[in-house]
Structures are given as structure tokens and as C-alpha cells.
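The structure under discussion appears below in the form of C-alpha cells.
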Amino acid sequence: MAENSNGALGCVVRCLSSESELQELCREEQLCCAELGVTRKNLSDFEVEYLWNYKKVQDQELYLVKWKYYPDSESTWEPRHHLKCNNLLKQFHLDLERELLRRAKAAGTKKTAVRCPRRLDQSLSHYLVLKAKQRKRLRQWAQQLNAKRSHLGLILVENEVDLEGPPRDFVYINEYRVGEGVTINRISAGCKCRDCFSDEGGCCPGAFQHKKAYNNEGQVKVKPGFPIYECNSCCRCGPSCPNRVVQKGIQYKFCIFRTSDGRGWGVRTLEKIRKNSFVMEYVGEIITSEEAERRGQIYDRQGTTYLFDLDYVEDVYTVDAARYGNISHFVNHSCKPNLQVYNVFIDNLDERLPRIAFFATRTIRTGEELTFDYNMQVDPVDVESSKMDSNFGIAGLPASPKKRVRVECKCGVSSCRKYLF
């Protein structure tokens, strides 16, 4: 930020050096800069950023250390007993062992354990540098995701499969982003209930001739295909109302992880999720169907499936989560999923613009991957037996992502349909 001769703030000039480069410069010149985190206290400190080579000389283990805030050229060999970074040492050897096993498998051997060599060849050392830098980028990405999330659930990121880093040009959002030609009108009226569960006829679902969707524990009890009407910002009831579930956001800790079977990124839960519990929303940019057709032609060439029609009553709008989205962007398809989609209405009652919520179809164990069916359908017998009004039918379900190209399914379940669409 520049200042003019009168001390007033002037134009903003983009810095030509990165933050780490400026930190390195400060340390080289022995200059303190509070804005860069370089103070007198840590000016001469040495912090290990990562380990990127290893050798064993006689009986002494030595590690080539990249020091934080210093260029690669100033990396030094250090004996193990000088290093206090136990987690980095453990991760270094874990990465090394995994890569050695991968190479052994590629060579056709069936080793289940490998011995660390006395010296690493150049390709191994190069791999460990790339892996260390990737971990740094993924940590930074996880920090960015958690800084942007407005929900309770924490997000972790993990890649123990390859060297893929954070996706480019992906922006984390917590609610729909309204695109050109789309207008969302917020509701101006709400229920007057003091206890929304005691008055079946007067609360928000009853006003639209529908049953309450949740039980007292916030678990969905209506069948897939029926809409969910939650209490809104104009309702008299408070935030503890049992009819406020989706609007409270994600409550669970999740991990975005790299799959080992070619399905890209996936999402696993780090907590047990009970059957019929709300898990997450599918959010993205709301665009017109015409714009979706245009973008779809581009996505066809990329093999992506982030376009999700909002055709609860008519196909007018589409959610595009390719660039703007939340953690649902990374949820994979399965022909036998553990998530089910519901249309939800809260502060906007336009039936062309429902919110899309995922609920657990069964109890989901800690560490289990979350999936939904990209080509979801409902049993017509179930629809007919639980029919609530003459307008309900198969078309009442939220659509799957746009069915544009024939994509091979890799879900691996016994009932796999072989193709997504």
C-alpha cells in the first residue's frame, strides 16, 4: 500500500515477490518485519520445512533438511539426533516406504516390506521433494477451506495415492451462488407456532399440505420424493426448533481424500452418522438451463458431472458445482449409495429453486466413504403408496447430474450398473 506526500493512502501495487521470498530476504539481511512474521525472537531460528534426502554413513543416519524461510540452496545435511521434528521424520520414512513398495509392485515383485537403502537415488529423492511440497499445498488448502466454511464440521485433506495437489480454480461456498438471469425471492412470512411439533396444521409443512419431515431427533421420516419444508427466518420459533435441520449446516467432520481406484477425490466421514440424519447440501452456482446446455458441451470434453438439474416441478434452473461448491463437489457416485437426496424449502419457496440436501440411507461408519447415486430413481410403488397430493410423481425427485455422455462407473459394488448414465 503506497502513501502520497501528504501521508494519505494511495494506489495498491501488487508485490512482485511471494511471502516466503520476502521472509527469506529479511533473514538474509537480518531485518525484522512483523507483517511477515519475522521478529527478533525468531530471526535466527531454524525450523525444518521438510526432509528431502537421506543417507547412512557408517552407522549414522543423515537427512538433507530444507529450512523454512531459506532457499533450497541452503539446505544442509543433519544427523538424526540434531532433529526434533519427529512427525516429519515419521512421515518421511512412511512416504519412502510407500514409494519403494509401489516401485517393487510395478517391477512385478510381491514384497510386503522393504528395507531403507543406505543412499537414495536421484529419482527417489526427487519424489520425496515433490511429496513434501504437495503436503504443504494440501495443508494450506485445508486451512483455506476451513477459513471459508460457515458450518460446524471440520474439513481435512489427505492424499496418500499420488502427487495430485489442490484442484485449480475451485472456490468453496456455503450456499447457492446466484448466476446471471436467476432471481431468488426470500420469504416474507412464517409460522406463529410456539411448539412446531404440537401443531400439525399450522406449522410450515402443514401450510403446504405436507407432513412434517423430521422426528424429534432431527432425522428425516418422509420417503424420498416428498419435499421438506423447514421453518424459516420469519417464523416465531427459535433456532432450537426441531424443524430446523438443513439450515444448521454440516455437523460432521469430513476428509477429502484421493481414491486409489481412479475415481479422483472422494469424501469420507470422520464420525459415525446415524441413519436418516442430514449430512450435507449440494451447493454451487445456480444457472439457467440454457447456460447449463452451453457449459455442458464444455464439461462433456472434460468428462465431469457437476451439473445438477433443479427439476422438482420444471426444468428451468441447474446447479453447477464445477467451480463454486462445497464439500459435496468431491462426493463420488455409487450404484449402492449411502446418501439420499431430498428437496428442501426454507427461506425461498419457489418450487423451481429447491435446496438439495443429502441424508444418510443407513448408519454410516467412521472412516466410510460418502456416496450418492448420480442417476437416482425412486420405486414407483413406494411413491404411490405414500402419495400425498395429485402432483407428486417420479418427476418430483431432484434430478441427477446432467445425463450428457456415457460414463463408465467405477463404484465397484456387486450391483454396479457399469455406467453412470
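Placed from the backbone N, Cα and C atoms, the Cβ positions cover glycine too.
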Statement: Of Cys255, Cys335, the one that Swiss-Prot places in the same Zn(2+) 4 site as Cys409, Cys411, Cys416 is Cys335
- prompt: Same-chain Cβ contacts of the domain 'Post-SET' (405-421) under 8 Å, 6 or more residues past its ends?
  reply: 261-263, 300, 303, 305, 332-336, 371, 374-375
Statement: Helix, strand and coil residue totals from DSSP for the domain 'Post-SET' (405-421) stand at 0 helix, 2 strand, 15 coil
Query: Relative to the Cα of Asn332 (S-adenosyl-L-methionine binding site), which of the binding-site residues Cys193, Cys204, Cys231, Cys409, Cys411 has the closest Cα?
result: Cys411
Message: Summarise the domain 'SET' (252-375) as counts of helix, strand and coil residues per DSSP.
response: 18 helix, 49 strand, 57 coil
Field: Helix, strand and coil totals (DSSP H, G, I; E, B; other) for the domain 'Pre-SET' (189-249)
entry: 7 helix, 4 strand, 50 coil
- request: Give the sequence-ordered set of same-chain residues, not counting Arg263, Gly264, Trp265, Tyr306, Asn332, His333, with Cβ within 8 Å of the centre of the Cβ atoms defining the S-adenosyl-L-methionine site.
  value: Thr259, Gly266, Phe330, Val331
Statement: Of Cys235, Cys237, Trp265, His333, the binding-site residues lying within 10 angstroms (C-alpha) of Cys191 (Zn(2+) 1 binding site) are Cys235, Cys237
